[in-house]
Amino acid sequence: MDHFQHRDGVLYAEDVPLPRIAEEVGTPVYVYSRATLERHARVFREALSGLDDPHIAFAVKANPNLAVLKILANEGYGADVVSGGELTRALAAGMKPEDIVFSGVGKTHAELLQGLDEGIGQFNIESEEEGYELAAIARRHGKRAACALRVNPDVDARTHEKISTGKRENKFGVPLDRAAEIYAGLAREDGLDMRGIAVHIGSQLSSLEPLETAFVKVGTLIAELRDKGCAVTHADLGGGLGVPYKAGEQLPAPADYGAMVARVTKGWNVRLMFEPGRVIAGNAGVLLTRVIRSKRSGNGPPFVVVDAAMNDLARPAMYGAWHDFEAVEPTGEKMTAHIVGPICETGDTFAMDRECDALVAGDLAVFRTAGAYGATMASSYNSRGFVAETLVDGDRYAVVADRIAASAIMDAERVPEWLG
Ligand code: LLP
């Protein structure tokens, strides 16, 4: 459930009519709903209520806006970060260092050091090489890093290949059949406190089955490690739960996910950790856009050219992803159209042959489910600026990220004088 609903023929975010934001902030603009974010954070926590003190770290990559992170910090969420930049954001938003987990295959020396200096709660080590490098840095600085070893369980998440992370051929984690040996080796390092196993097999999962298969493998590994005399006190089960992108689409409910986790992890005797991203933020945001013009195309459906483009919302161009598209002030009439942005490549297409509300130049529309992996994946391609972000709270809203003009991006560039 979200708080983007039509009232008297106008789409509102909570109690704010979207035309008001379009007028005052301009388009394209992301609009997030505080009530929806809080609701999703609570529903997910509630789904895990059968577990003993689960640790929930929001996957910052899904939506790193400071105001969004602040809301989740207020909800008691920690952060799953994958770069020094995300770590800095999580701290700036008020997340406690001990509630921060640092994931990612390519943490640099500087980023490992930053994590140690900030006293973060856990490093999710993705390779043997990274583990020994972290051990050396920690030892040199007189510190001990709490770590989980991320395993690659070789499970097909049955999602888009670009967001699948748990197959043997993917770059993530260490192979399951070497995990115990690597863990035991790292556990002998003074600089490391090897305390757990981490797994994350992919994103936008539409079935719980692959997750269950992966978790069962983690359970077996934990038993094997204990048999070898290794301590295991934590298990990080990652994120991945999918959300509906099409009205009426059915996806596993958080409650069913929680029940499956409770069943599979019974008797593990560890603190369970989670890294949800999309399921918290996805349906808590829309991308508000204005139709620039409608363009006839031979005998086919018209091209509706909107002012948002693939640089603002990359998912359709990148993954062929579907986002529901609807008028802010629908007339009740429908049309079939290709929905495209102004960028000069054919990939800048949001939808082909889409049946949607009838729209003409100047009309406002939204792409739904844009609160996760939306603004965060923006670029300035075609010398377009960075899109603005707003947060609605009841009948008020705030701009939580200024639009960055193309000229401001240009200001960071230099032409050496020797070019004449
Ligand atoms: N933990 C780790 C280690 C991850 O790599 C990810 C996402 C998450 C947690 C959060 O997963 P979620 O709960 O959001 O599914 N840009 C793509 C999604 C990439 C996901 C990358 N990793 C998209 O727009 O669909």
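Backbone N, Cα and C atoms are what each Cβ position is placed from, and that goes for glycine too.
Computed from a predicted structure; not experimentally measured.
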- Given TrEMBL annotates Glu275, Pro276, Gly277, Arg278, Tyr373 as pyridoxal 5'-phosphate-binding, which of Gly229, Gly240, Gly320, Gly332 belongs to that site as well? Gly240
- Across Glu275, Glu345, listed as binding-site residues, the smallest other-CB tally within 10 A is for Glu345
- Non-local Cβ contacts of Pro276 (pyridoxal 5'-phosphate binding site) (under 8 Å, 6 or more apart, same chain)? Phe44, Ile56, Phe58, Ala59, Gly239, Leu241
- Averaged over the whole of the domain 'Orn/DAP/Arg decarboxylase 2 C-terminal' (30-371), what is the pLDDT? 97
- Query: How far is it from Cys344 (active site, proton donor) to Tyr373 (pyridoxal 5'-phosphate binding site), counting Cα to Cα, in Å?
  - Reply: 22
- Query: What is the nearest of the recorded positions Lys61, Gly240, Gly277 to Glu345 (substrate binding site), using the Cα of each?
  - Reply: Lys61
- Those recorded positions, Pro276, Cys344, Glu345: which ones have a Cβ sitting under 6 Å from ligand 1? Pro276
